[in-house]
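So the structure is just underneath, and the comments pick up after that.
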């Protein structure tokens, strides 16, 4: 899958886009005169020399076939880092220091297991590579004390291994991407219902390793709630987990692998709870006077046990930008806070949900706006990262971050993170626009997803890191989690350590030492 | 709470019961002439000498107050073992070898923490004691290499620490029993909705430590799904977990503490998702031609997203015994497989659920029987353990065990466990009655709960262990979990090791060594 990705931009190179005139006009209004920042030419990017000795390359070729071990420039570049704005900025500036020494493409679990065992023996760092969509530095391994770094690309593990229609489960290989999962399950009349922003490229293994959560999480749940079994290649051998939907047989060790980001093993297969493909899907929008009013309405729905499939609320600033309708950027949005409610299921279920939700929302100050904007949101829901590249071309720094907490603390978390972002960027002379939405709700709390845009300084990576540090400090101080659905990677490690405390850190390190004694699995990622 | 328990029977001594004549007649029919086996007199039970040196007892008294350290015979006896049939048989026969050396009753988290730290330094085994309702040997610590064993009774930690009505969460101390939790939350118009068989005595800390699941799990979920935060006293100090409903910040370490059975620390406080107390509760029964038909109906409901609050199905044998109506034991049950469907919520929600469920069940061969038997089931739902004592008095061995697996494997698991129990007990010349019900359902699978009764041999503990071994082997062979909601304790350890495999075992041991380097936390329990 990853080969469809542009080397320094999000997604399919054929879908590279530029900003419409109305958006450019708005940018100029917000951030001053144009100051484009094109990326360097791909040909000029220098990669570090390959650090793998010939005997190692030969052994790898013996293990998985000569054509599946590639130390060439292009595949290495295409497996360099992830898709955070700092990652893109590095590549756009010609910095590919994070490139792996080789890209390995095993065919199946046994080959992954052989590679993991070999790399553990030979002290070679291993980065598991699915869609390459990490936005937290999850694909950049430390080389400290190790011979080299290889990317294990799971793209050839793209099969549906088993469907159990009675149990409503399916076993998918780790390299299956979001669209391929839906295609494979669709042949059996089923859906997974997992649609994160990264859907078009991210993979089942990555969803598991990062505790992903999709845009339909209100209805279908987080990815971790869909996982009933896992198969993992570790330096100690194959680890299989999950014999029942739920169990009281000790701690749930599946929950230790979920979110382990390749540091405890490489997930090669996942057994997932699946659902009947919905007959109908309707997406509607509602307007609330304020973000707080809309959030109260979402909370009421969820605590009353009414769960539309999609539930999403933009704050006043995000609402005002009309981001779901690029041709209307800069035009009047109608004000207030826009909510998207999506309903999927049988015709009867969809109708009942719409009625139930509608009654609650109208009682809480919502104004129904019909289906037009909702459908447009649904159509464009995976396009935002393309827009980011177009903004970076124009010298506009854009990045996102997200957190979650309990409902009672949400207003404070929102205010403090927003203030931290505005403060840190204004202090650099680049007043930002800060947008926020809620896209994942629970009975007890919700996530907050911030998008930040401002004019780039001369060193946009340092510029962003200052803002990110301020926001992360604010998150920890306000009692939120450092990430609700993007994982820890390298970027969140200091705050993650604060979040889990010294005992949590000791426990994680102990687990890590026990399954990865040589420390080759995605070193530098996650473990504080 | 535990002091309300009888020393060798379940529950409140004032509620000791005997069997009605119809039940005695049925027993004679099934198992031959009466052969009562009364328990020994409490006064004759010999406890081991107290192994705690005086300086240790003095230090413990300094830590929590002289009146809260008790090495007397009666409190030690009341904290001996749990309430499995083997535990009861041992006590009924006068064997109290499992007694702790002293019972400690700390007032709060800080005192628990002080005790745990002290016991770790002085190499004293610590058994956390909530309601004393373990049925898997979870309260019997190994003394190997340790100075003594103390029971830390959490009965004084019985407060509601905090209610957050906006977040719909409550913080309860670990020693809060089921009824006390409902009482404390009821004052705020809330419910926890956790009603396991042990409800009347078991505690919040125990629910967390054992991954408990209650009779209303279809509607309210397992206990582990209600937990959003934990406070734990460990030898490394206080460990607090949970800053958001859900997170992508690494593995979910809460899920490592849940199910850890006191081996990684003592849970002292739990932050729980709570719900509005239901206005209405209706329990109805349905009859299906066969257990398989009923199970298919349950599966259909759950996979269609229709979740009554209670969903429970007895197999043909359990149905035939009318256990929910003691006065009707032995009378005609009407045959087939009896299902209980319970609905709790607002009047409107209850009505809608009843209608939805009714449509599905009638379409799948169910016959509605109305509310009378359902209400009777709800009233008597916590009485079964009292009945067990009355049967033990009559020389009838009764015990339960349970498992879970995916729907596609459920029929096989049912058949093989039933055959194993029947085979192992018949081989000892004691043909059993084996009953089964499904009481916890998921989209992907369900639990099976077996009850076994037969005439006791001369050594009923050995008799049961042979049956338990056969059943456990059958569970593992059929791919089920060794326990769906009773935990591992000492009794399930060999099969638990098979279930999690060598890597899972290594990981658990590594975690244990890291938080409990002296190995004093409930030694001999859980960790293979």
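Glycine is no exception: its Cβ is also placed from the backbone N, Cα and C atoms.
Those TrEMBL annotations? Automatic predictions, nothing curated.
Residues or ranges marked as domain 'FAD-binding PCMH-type' by TrEMBL: A:96-277.
Reduced to three states, the DSSP call for residue A:131 (FAD binding site) is coil. Of all Cβ atoms in the shown protein chains, 26 besides its own fall within 10 Å of the Cβ of residue A:131 (FAD binding site). The FAD binding site annotation in TrEMBL covers A:128-134, A:210-213, A:261-267.
Marked as site 'Important for enzyme activity' by TrEMBL: A:312. Around residue A:312 (site 'Important for enzyme activity'), the same-chain residues at least 6 positions away in sequence with a Cβ under 8 Å from its Cβ are A:215, A:339, A:340, A:377, A:437, A:438, A:439.
What TrEMBL records for A:388 is substrate binding site. For residue A:388 (substrate binding site), applying a Cβ distance below 8 Å and a minimum sequence separation of six or more within one chain yields A:10, A:85, A:88, A:398, A:399.
Positions annotated as active site, proton donor/acceptor by TrEMBL: A:449. A 10 Å cutoff on Cβ-Cβ distances gives residue A:449 (active site, proton donor/acceptor) a total of 22 other Cβ atoms nearby, all chains included.
Note: A:212, taken in sequence order from the recorded positions A:128, A:134, A:212, A:312, A:388, A:449, have a C-beta within a distance under 8 Å of a chain B C-beta. Non-local neighbourhood of residue A:265 (FAD binding site): A:116, A:232, A:233, A:234, A:235, A:239, A:257, A:515, A:516, A:521, each in the same chain, at least six residues away, with C-beta under 8 Å from its C-beta. Following the DSSP three-state reduction, the secondary structure of residue A:388 (substrate binding site) is helix. Geometry remark: residue A:131 (FAD binding site) versus residue A:449 (active site, proton donor/acceptor), CA distance 22 Å. For residue A:449 (active site, proton donor/acceptor), the nearest of the binding-site residues by C-alpha distance turns out to be A:212; the candidates were A:128, A:134, A:212, A:262. For residue A:262 (FAD binding site), the same-chain residues that are 6 or more apart in sequence and have a Cβ closer than 8 Å to its Cβ are A:126, A:127, A:128, A:138, A:209, A:521, A:522, A:525. Long-range C-beta contacts of residue A:212 (FAD binding site), restricted to its own chain and to partners at least six residues apart, with a cutoff below 8 Å, comprise A:194, A:196, A:198, A:202, A:206, A:222, A:223, A:485. Every protein chain considered, the tally of other Cβ atoms within 10 Å of the Cβ of residue A:128 (FAD binding site) stands at 29. For residue A:134 (FAD binding site), the number of other Cβ atoms no farther than 10 Å from its own Cβ, over all displayed protein chains, is 29.
Across the domain 'FAD-binding PCMH-type' (A:96-277), the prediction's mean pLDDT works out to 97.
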